[in-house]
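What TrEMBL records for A:108 is active site. Sequence annotations record features per position, and here TrEMBL assigns active site, proton donor/acceptor to A:149. The active site, proton acceptor annotation in TrEMBL covers A:250. Under the heading Mg(2+) binding site, TrEMBL lists A:7, A:34, A:149, A:151, A:249, A:250. Positions annotated as domain 'Endonuclease/exonuclease/phosphatase' by TrEMBL: A:4-250. TrEMBL lists A:240-259 with the feature region 'Disordered'. Summarising the annotation, TrEMBL assigns site 'Important for catalytic activity' to A:220. The site 'Interaction with DNA substrate' annotation in TrEMBL covers A:250.
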DNA sequence: ATGTCACCAGTTTGGTGA
């Protein structure tokens, strides 16, 4: 079974790539973030023609998450229980479902904007709610994973130049502690192989030739429980999808499972 | 080369977020 997570930065803009990529890779389930559409505008028909069902939690211009599966899509839960909300709004940043033998979440963790910003406090609160929401499944016997854009680089090795990121969001001790808390609930960071260079970066800024210079970060993560981690046979970052015109600024992370 | 992209409002550019 092949699953993946991909921040597509607009499902509308990325649809041709997504369809071609699904066919080329034979991915069974893809966790999508930043759909940037309403649920009504989500291209479920095009995906259905390829044999995929879709579960979508999206409200328009910003955020939006989805699960796209050709191996079943049951018990869909939209939203994060206990979501703290930002400015009084609970944003569409989490969706979960059972896809065949595995239970999966697709999450888009708040960016945080700047340390000290209200959005940064929201980010940390959001992580607290996420941990509470997944703790039961994380400790369970069914393969379970939380995949998505975590907007945190777990270690200094996960940013291209740690010196440039001092005191920036994505690397602060509080954000990394939030990840450690999640792992403490029973989840393991499934670190993918890079297909080129030494670091499995998953995101490269569009600006200033970030990708050609490999100025990347590993912020798209797969956190799996023990039964999930034991089933993993391979994982890699598909950097080919970051190349060329019409690419997202994130590459897909692919995980192969023997389940 | 202060080397981007995408969305929306509401028009052909600016604001916003990442």
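Positions of Cβ are set from backbone N, Cα and C atoms, glycine also.
Automatic prediction, not curation, is the source of TrEMBL annotations.
Sequence-distant contacts of the region 'Disordered' (A:240-259) (same chain, six or more residues past either end, CB-CB distance under 8 Å): 1-9, 13-14, 16-17, 21, 25, 27, 30, 100-102, 143, 145, 147, 149, 190, 192, 195, 201-206, 210-211, 220-222, 228, 231-234.
For the region 'Disordered' (A:240-259), DSSP puts the residue distribution at 3 helix, 6 strand, 11 coil. The residue listed as 'active site, proton donor/acceptor' is 5 Å away from the residue listed as 'active site' when you measure Cα to Cα.
In sequence order, A:9, A:33, A:108, A:203, A:219, A:220, A:248 are the same-chain residues whose CB sits within 8 A of the CB centroid of A:7, A:34, A:149, A:151, A:249, A:250, the residues recorded for Mg(2+) being left out. A 10 Å cutoff on Cβ-Cβ distances gives the residue listed as 'active site, proton acceptor' a total of 25 other Cβ atoms nearby, all chains included. Annotated pair residue A:250 (active site, proton acceptor) and residue A:7 (Mg(2+) binding site), C-alpha to C-alpha distance, rounded: 6 Å. Take the CB of the residue listed as 'active site' and look out to 10 A: across all protein chains shown you find 26 other CB atoms. Contacts of residue A:220 (site 'Important for catalytic activity') defined by a Cβ separation under 8 A and a same-chain sequence distance of 6+ are given as A:5, A:6, A:7, A:148, A:149, A:150, A:202, A:203, A:250, A:251, A:253, in order along the sequence. Taking the Cβ of the residue listed as 'active site, proton donor/acceptor' as centre and 10 Å as the limit, one finds 26 other Cβ atoms among all the protein chains shown.
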